[in-house]
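Just below is one structure, and these are the notes that go with it.
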Amino acid sequence: MIAGSMVALVTPMDAQGRLDWGSLGKLVDFHLENGTHAIVAVGTTGESATLSVEEHIEVIEFVVKRVAGRIPVIAGTGANSTSEAVHLTQNAKDAGADACLLVVPYYNKPTQEGLYLHFKHIAEAVDIPQILYNVPGRTSCDMQAETVIRLSTVPNIIGIKEATGDLARAKAILDGVSKDFIVMSGDDPTAVELILLGGKGNISVTANVAPREMADLCEAALEGNAEKARAINEKLMPLHKDLFCEANPIPVKYALVEMGLMQKGIRLPLTWLSEGCHEKVRTALRQSGVLV
């Protein structure tokens, strides 16, 4: 079962924007050694928007091979074109992914019926577990709870990453779906509360730099130990906040360089973290106990 702390993995690059396979392997090993429950490759944090289709497949294949079945590998395969999303999802299945994460179509702003038909078509076209991903702050399109509940009965659609941070919405989804449908947070600050409501885990940016702590948080919350889970969350709150001082994944990539886990590299139109944010991120790493 897919549950717990699922890292939204960055895609390491060099100064010229070329994929850095050595650092990617190091990051996968870092998560395997520190209790991460699943890896989400080539999602938003993995800069999927600026990877070619060939690179997309190569990253999934690399991560699947490195993980070697020890934890699930989930591939980001969403697109604002239904046919492209089918193509990416089939590629991810062929590359060995355990499941796919499909973001709500961005820019073209489909209706709720359009969203239903989009995700239903992909689920019927490719036989692989699929997780919906609602993040209206990035897509400018908000999938309502009623649409999620409707999609929850479609074969191959197994869950949703709900990244709004709206706990009332999360509860409405949880109340309307079967117990087998996985509701996950995509918002680090509120993830603990969503899990305590009945969610199954968190697809996390913070887990890139604090995998052990995020795994402990999710495990405590899944066990119903609210006091322990909230205490860990409070310690991680500086990271939850300051890893978004600029657009994700800019700050978290800077943090990983500071930790010695990868080299400096990002693709335009994203740029490296501005100097005014450097100390914010370093301070958050120290306050959360990641750096001393």
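Cβ coordinates come from backbone N, Cα and C, glycine included.
Taken from Swiss-Prot, the feature active site, proton donor/acceptor applies to Tyr133, supported by sequence analysis. All protein chains considered, the CB of Tyr133 (active site, proton donor/acceptor) has 26 other CB atoms within 10 Å.
Residues within less than 8 Å, Cβ to Cβ, of Lys161 (active site, schiff-base intermediate with substrate) and separated from it by at least 6 positions along the same chain comprise Leu101, Ile131, Leu132, Tyr133, Asn134, Val135, Met184, Ser185, Gly186, Ile203. When secondary structure is read from DSSP and collapsed to three states, Lys161 (active site, schiff-base intermediate with substrate) falls in the strand class. Feature annotation from Swiss-Prot assigns active site, schiff-base intermediate with substrate to Lys161.
Within 10 Å of the C-beta of Thr45 (pyruvate binding site) we count 24 further C-beta atoms, all protein chains included. Positions annotated as pyruvate binding site by Swiss-Prot, on the basis of sequence analysis: Thr45, Ile203.
Here Swiss-Prot flags Thr44 (among others) as site 'Part of a proton relay during catalysis'. Listed in sequence order, the residues of the same chain lying 6 or more apart from Thr44 (site 'Part of a proton relay during catalysis') and placing their CB within less than 8 Å of its CB are Ala8, Gly76, Val103, Val135, Arg138, Asn248, Pro249.
The C-beta environment of Tyr107 (site 'Part of a proton relay during catalysis'), restricted to residues of the same chain at least 6 apart in sequence and closer than 8 Å, consists of Asn80, Thr139, Ser140. What Swiss-Prot records for Tyr107 (among others) is site 'Part of a proton relay during catalysis'.
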